[in-house]
Amino acid sequence: MAATMNKTPATTFLLIPAAASLVLLLAAAASVEASAFDYAGAFDKCLLFFEAQRSGKLPDDRLVRWRGDSALTDGFSQGVDLVGGYYDSGDHVKFGLPMAYAVTMLSWGVVEFEKEMVDGNKLHRVLDAIRWGTNYFVKAHTQHNALWVQVGDGDSDHLCWERAEDMSTPRTAFKIDINNPGSEVAGETAAALAAAAKAFKPYDRMYSDLLLLHSKQLFTFADTFRGKYDDSLQSAKKFYPSASGYQDELLWAAAWLYEATGDEQYLRYVSQNAEAFGGTGWAVTEFSWDNKYAGLQVLLSKVLFEQGGSAAGYADTLKQYQAKAEFFLCACLQKNNGHNVKMTPGGLMYVSDWSNMQYVSSSAFLLTVYADYLAESRGTLRCPDGEVKPAEILRFARSQVDYVLGKNPKGMSYMVGYGSYYPTHVHHRGASIPSIYAMNATVGCMESFDKYYNSKNADPNVLHGALVGGPDANDAYDDDRCNYQHAEPTLAGNAPMSGVFARLAASPADNTPEYTPAPNAPSPSNGGSPLEFVHTVTNTWKANGVDYYRHVVTAKNTCGHAITYLKLQIKELSGEIYGVSRTNAKDMYEFPSWMTRLDAGAQLTIVYIQGGPAAKIAVVEYKTA
């Protein structure tokens with residue numbers, strides 16, 4: 001470790017010549033190039049989130065060291081071992097339906113992008129994340145026609161703000177059976193186990209066979225004893241109600257069993273029930289833990305792409321599924337004759353005011369896999385508003401991921417721990433309370449609301465990889481734990497991103513960017529500065545006769561050492577600024593409150609909005625480790 005240095009470099013101002021400014025302004029909706037994003041690093045963090053959500057006895061080799069063992073007696077009082085699985089979000093309930101959906105999506109990512117995960121040295125970690133869920137499902141499936149689908153109660157759990165390691169709330173377990181059916185959750189669990197069986201098959205054949213056995217039994221249970229799970233399980237209705245019913249899950253489970261086994265009986269099932277169950281009738285603009293139709297339609301389109309004429313007996317029905325899949329994709333791409341997914345002004349798909357990012361991640365996944373299906377078959381997507389090539393579909397999916405990672409009007413990453421500017425007040429109990437290893441005293445149920453939930457301090461534990469609910473319909477985001485609709489991450493929101501990150505990391509940039517990149521301002525000579533600045537104007541608009549510009553400045557640490565203290569002078573700034581903290585001294589700024597160092601090669605992102613010319617930025621003092 002180098003000795004600490006305190007340097008005052010020659011002052012370096014960042015200036016943009018008038019001609020360059022004009023060029024920048026002409027590049028409407030300009031942005032940094034896609035290659036600026038580290039998709040492999042984002043993939044790594046995404047997997048850390050699943051570690052942070054683990055319930056039960058944690059392994060010694062875990063990477064999330066602030067988490068400890070928890071809920072080690074789940075189910076015991078009711079005569080069943082339900083230790084393990086995942087906590088759903090910022091609370092400590094184990095909801096079976098969204099957990100199973102998350103495992104399905106993790107597994108689908110492996111099915112489609114196994115090679116990319118192997119090449120990126122991530123496959124073993126994804127399989128570990130899947131196995132943590134499937135081991136729990138196998139334990140929860142205690143009889144052919146019985147499945148334990150929830151541990152904990154949302155109402156009582158939400159009355160306390162405490163760490164998982166200190167839980168004092170009831171851990172009541174709930175099951176479905178022939179008298180209390182739940183076809184949605186039984187079907188989704190069957191789908192998860194079938195998808196996981198295919199993912200594990202090349203690496204652990206015995207385990208794959210075990211998962212398939214349970215999947216087949218659960219599908220038969222779901223189909224034979226049909227009924228809405230939230231009619232049988234009132235405690236789930238308030239938190240994860242089934243709006244789409246159970247028929248989509250029955251088709252979804254059968255489709256995954258066909259994908260995993262090739263057994264024609266499952267293809268026959270989705271064909272014979274296509275119309276009655278809505279598979280070829282529902283044209284949707286969302287894909288989620290509740291509504292599986294778009295995912296089902298894309299998955300069955302794959303059969304056509306792979307088998308073509310050999311699926312002759314089912315081709316007509318499969319083409320109807322494909323038509324509905326392409327309705328969804330065209331709606332995402334804004335080429336569906338007005339029947340499109342809504343977009344925010346900053347370019348993010350917007351489906352719901354509550355946890356919208358879960359719809360962004362699932363849509364990005366379907367767009368990504370379908371783009372590859374088309375590319376492999378040398379096909380194109382024919383939308384009402386024009387033909388779309390596979391590369392364009394992938395480009396749009398990338399634009400959504402890039403928005404998540406920071407290419408948005410706030411310049412903020414909505415994935416916690418990615419980049420230098422991300423949410424630091426996440427609606428998550430474990431992240432907001434000091435770790436049991438840092439503060440061994442038990443944290444009380446109620447008093448913790450005042451001390452931690454309502455605290456303005458940043459989270460003491462960084463919940464790396466957590467995809468928060470995201471901004472509102474106007475791209476605004478309030479970094480506040482109380483803002484649970486937007487600040488809470490979920491298993492369902494994170495899971496689809498695993499496969500998307502794997503795919504994008506394998507081809508981080510393409511030759512035809514979605515937007516025309518703004519020319520970078522000439523980089524000034526470092527002149528002793530530890531930072532290399534690149535300035536881009538990413539948006540411009542007129543209000544009350546004044547032209548306003550959104551400026552993004554990336555400051556890369558090029559000094560070869562981690563910077564532990566930084567003082568910047570920012571002159572001629574008239575608007576709001578994000579990514580640095582104002583000091584008491586005039587025009588002086590330092591690291592934001594959530595940041596203590598800038599590693600060698602890392603970037604600090606500064607965003608500001610103002611009318612008139614750009615601000616002038618200079619490094620006036622810094623220290624390195």
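Cβ coordinates come from backbone N, Cα and C, glycine included.
Per Swiss-Prot, active site, nucleophile is recorded for Asp91. As annotated by Swiss-Prot, active site applies to His427, Asp479, Glu488. The N-linked glycosylation site annotation in Swiss-Prot covers Asn440 and rests on sequence analysis. Residues annotated as region 'Disordered' in Swiss-Prot: 509-530. Per Swiss-Prot, signal peptide is recorded for 1-34.
Overlay of Swiss-Prot annotations on the structure.
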residue : record                      : Cβ neighbours (10 Å)
Asp91   : active site, nucleophile    : 23
His427  : active site                 : 24
Asn440  : N-linked glycosylation site : 9
Asp479  : active site                 : 17
Glu488  : active site                 : 21
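In this structure, the CA atom of Glu488 (active site) is 25 Å away from the CA atom of the residue listed as 'N-linked glycosylation site'. Ranked by Cα separation from Asp479 (active site), the recorded positions Asp91, His427, Asn440 are led by His427. Reported as a whole number, the C-alpha separation between the residue listed as 'active site, nucleophile' and Asn440 (N-linked glycosylation site) equals 20 Å. On a Cα basis, Asn440 (N-linked glycosylation site) lies 22 Å away from His427 (active site).
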